[in-house]
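According to TrEMBL, the protein carries these features:
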DOMAIN    5-318  domain 'FAD/NAD(P)-binding'
DISULFID  CYS41-CYS46  disulfide bond
BINDING   LYS50, ASP302  FAD binding site
DOMAIN    338-443  domain 'Pyridine nucleotide-disulphide oxidoreductase dimerisation'
Amino acid sequence: MQTVDVIVIGTGSAGVSAAEAAREAGKSVAIIDKQPFGGTCSQRGCDPKKVLVGVAEISARSSWMTGKGIDKQPKISWADLMAFKRTFTEPIPDRTVEKFKDEGLKQFHGVATFILADTIRVNDKEIKGKQIVIASGNKPMTLGIPGEELLIDSTGFLDLDELPDEIVLVGGGYIAFEFANVAMRAGAKVTIINDTPRPLGGFDPDLVDLLVKTMEDAGITILVNAAVSGISGKPGKLTVEYKQDGKTQSVKAGLAVHAAGRAPDIDELALDVAGVTVGKKGVVVNDYMQSVSNPAVYACGDVAEKGLPLTPMASYEGKIVGTNLVEGNTTKYEQQPVPTTVYAIPPMASVGLTEAKAKEQGKKVKVIFKDAVSWYTSKRINEPAAGSKILIDSKTDEIVGAHLLGEGSDEVINIFAVAMAHKITASDLTKTIYAYPTRSSDISYMLKE
């Protein structure tokens, strides 16, 4: 049996941040992953997804400008796109292994399982750690429907060698909306099946409605109040059954994609052996990102029941854990504005409270909604939808929520995040001089009552 100061399970942003902090302080560190080293975001998540979205955006903007200076619509070559994407993803595991070697991290590739409260088994090896960090990320949640094994997950979609002619996306979250736009622009017929009245729960409903209409107008079918009840057939020839308005209906597809949410990847860890309490969203931790039931265990990233499952939050939480491993519990998790984006076409971004949440909390806010499709920045690219909804505290003039739809929303939302984090008022934002004409220069108009 080997003994180290710190064991880290997971090699994504959260795990690496914690492991490197501990190693830099002179601690011996073992790092474990059952997946190729380097984490989800860089290999199977946000980074490769954005490569695909980038090409789809070029296709979309060309279609918007057809007859307005563009004569021919570009055709996406899926094979070439996949080859380009792999130039980003394929080098990561080997590069990560070399990086860990240079840093002096002891590497173990395999499934980690607790056999004692302070001991992990990986393959045929046992490792004892004074402190253990769980940063194993998440995985597609179990849907409990017949034929579920016929679904592919987001990892599979991002590595398809060929794109089928007809695709069904089960679920109506950000993954479904992002993949739907990519697949449709690449030539597939796409159907989203969502079991709630409105997809993209948690985002502003008025902007969601604008986005849904835009995607439907572009040729994507979006079914709501439709619960998938089963999948049958074989890969390439599938039938997806769903119930809507009390009737069982079906749609044919060459491919069905699981886009109905993710859950903490903890099933193989045997956390009960370690006495680690788990909640609905993951490992239950205190403000120091420490397990509430086993003080030797910390958790960070998507597997921890704390912040949003986003890469920047994983890095943030991993750094907190790293500091607390080295210094003792000196650094707490602090609530802060966290911007998030749905990379649909056009993109939709959000930070802070929605209008509904503000009402729930009893906040008195000014709500300024703007349909911006006729504004210069949208009209010059013939964008089919754009808008904003800004929530301003009636007493302090501080922004408590910002919700954007349209090209550039994924960048402009960061300005609102900075304003909220540093209590810059709406009046100050309005007075700021911006480069013009840019999406950021529209902020003054977004805030105008």
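Going from the start of the chain as shown, residues are counted 1 onward.
Positions of Cβ are set from backbone N, Cα and C atoms, glycine also.
No curator has checked TrEMBL annotations; they are predicted automatically.
The shown structure was predicted, so the numbers you read here are calculated from the model rather than taken from an experiment.
Calculated from their C-alpha atoms, the gap between LYS50 (FAD binding site) and CYS41 (disulfide bond) amounts to 10 Å.
Proximity of CYS46 (disulfide bond) to non-local residues of its own chain (separation of 6 or more, Cβ distance below 8 Å) is seen for THR311, given in sequence order. Every protein chain considered, the tally of other Cβ atoms within 10 Å of the Cβ of CYS41 (disulfide bond) stands at 21. Cβ crowding, taken as the number of other Cβ atoms within 10 Å, peaks at ASP302 among the binding-site residues LYS50, ASP302.
Residues of the domain 'Pyridine nucleotide-disulphide oxidoreductase dimerisation' (338-443) grouped by DSSP class, helix first, strand second and coil last, total 33 helix, 31 strand, 42 coil. CYS41 (disulfide bond) is 11 Å away from ASP302 (FAD binding site) when you measure Cα to Cα.
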